[in-house]
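> There's a structure below that I have some questions on.
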Amino acid sequence: MNLLETVEQDTMPTHYKQMTQAEMIARVTEIKDQLGENLFIPCHHYQKDEVVPFADAIGDSLQLAQIAAQNKKAKHIVFCGVHFMAETADMLTTSEQVVTLPDMRAGCSMADMADIHQLTNAWPKLQTLFGDTILPVTYINSTAAIKSFVGEHGGTTVTSSNATKIVSWALEQKERIFFLPDQHLGRNTAFELGIPLEHMAIWNPIKNELEYEGNLDDCKVILWKGYCSVHQHFTVKNIENIRKNHPKMRIIVHPECTHEVVSLADDSGSTKKIVTEINNAAPGTEWAVGTEANLVGRIIQENPDKKIVSLNPFMCPCMTMNRIDLPHLLWTLEAIQNGEQRNQIKVDEQTTKFALKALERMLQLS
């Protein structure tokens with residue numbers, strides 16, 4: 001999402017913020033019933049509790065991508081997530097389907113850390129250093145333009161759910177991979193596959209240079225210097241506090257956390273894995289969870305028979321995810337009901353052509 005898109009978005013009328021929760025719930029329910037199968041609302045795990053009850057599907061990035069690709073009925077897809085997710089949905093659905101983001105300010109700081117101009121500047125430098133031995137792999141948390149570049153160069157997208165499988169495949173295709181934009185997911189996945197940390201380099205997009213002290217021939221993974229602003233805030237100190245004060249607690253974290261945190265946790269995995277593992281755990285078990293606050297709160301509500309806390313007691317929700325709220329959802333649905341188009345997410349054909357190659361490779365491998 002660029003600045004122009006943000007400036008050009010429609011502004012929600014103030015009266016929506018003045019409505020009561022009950023009034024908004026009643027209106028959203030009414031419109032959903034009226035539109036029926038013509039409306040589909042996918043919702044990411046990190047969304048607010050006030051939005052989640054209206055979701056037709058709830059999931060992580062991989063689940064929502066798969067669901068979007070399978071849905072051919074709904075004319076209107078109102079995506080309760082962030083910008084790159086809505087872009088992915090637009091590319092995976094038909095040209096007749098319209099994807100809408102209730103608030104265009106719902107971006108992703110990690111996705112914004114990898115700009116297409118930075119990538120096109122980086123690639124020739126890496127080719128000079130390593131020749132044609134690199135396969136680009138991009139986390140699904142990236143812009144459509146980044147996905148398109150990766151697809152055009154034979155690479156694939158990846159999610160936290162399928163990272164081990166996808167990265168393993170990528171390393172069979174070429175001698176080394178260029179993983180972007182999240183260095184932590186890339187590092188944790190590569191390490192899990194047996195690649196030592198000393199064989200991983202950092203690409204600094206600000207300086208447009210490789211940060212690596214070893215022998216270039218030993219470098220197997222090049223990590224873009226990006227990160228999740230939420231998961232970066234889980235620390236080794238948080239884990240030490242849990243071990244000291246709650247020795248029976250099992251610690252599970254998202255692989256977007258730093259390598260130090262993931263290494264000290266009992267387990268790590270995607271939001272789907274975290275939810276499934278805790279839901280299936282025995283009553284009375286204790287958990288400290290290292291992921292986004294809205295999801296942790298929902299896991300606590302759904303598991304009253306277990307003791308569950310956030311690994312970081314001062315953790316905030318993902319603030320860009322939090323921009324999707326009930327007033328914006330209602331505003332969007334009323335526009336659809338009135339035959340108006342608001343905040344449509346549309347990826348151009350050329351970008352879609354190659355981005356789809358990257359997405360389809362991932363979906364086939366998954």
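Think of each number as a place in line: the chain as shown, counted from 1.
Every residue gets a Cβ built from N, Cα and C, even glycine.
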> Need a hand: Swiss-Prot gives SER61, TYR139, ILE140, ASN141, SER160, HIS254, PRO255, GLU256, THR271 for iminosuccinate, which of HIS44, HIS76, HIS233 is also on that list?
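Answer per Swiss-Prot: HIS44.
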> Are there residues of the same chain, six or more positions away from HIS44 (iminosuccinate binding site), whose CB falls under 8 angstroms from its CB, and which are they?
ILE58, GLY59, ASP60, SER61, LEU64, CYS80, GLY81, VAL82, MET85, MET321
> Cα-Cα, whole number of Å: TYR139 (iminosuccinate binding site) versus CYS318 ([4Fe-4S] cluster binding site)?
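Between the Cα atoms of TYR139 (iminosuccinate binding site) and CYS318 ([4Fe-4S] cluster binding site), the distance comes to 18 Å.
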> Around the [4Fe-4S] cluster site formed by CYS108, CYS228, CYS318, list the extra residues of the same chain whose Cβ is within 8 Å of the site's Cβ centroid.
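Not counting the recorded site residues, we get TYR46, VAL82, SER109, MET110, ALA111, ASN141, SER229, VAL230, HIS231, GLU292, THR320, MET321.
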> To the nearest whole angstrom, what is the C-alpha distance linking HIS254 (iminosuccinate binding site) and CYS228 ([4Fe-4S] cluster binding site)?
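Cα to Cα, HIS254 (iminosuccinate binding site) and CYS228 ([4Fe-4S] cluster binding site) are separated by 11 Å.
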> Nearest by CA distance to GLU256 (iminosuccinate binding site): which of the binding-site residues is it, out of CYS108, CYS228, CYS318?
CYS228
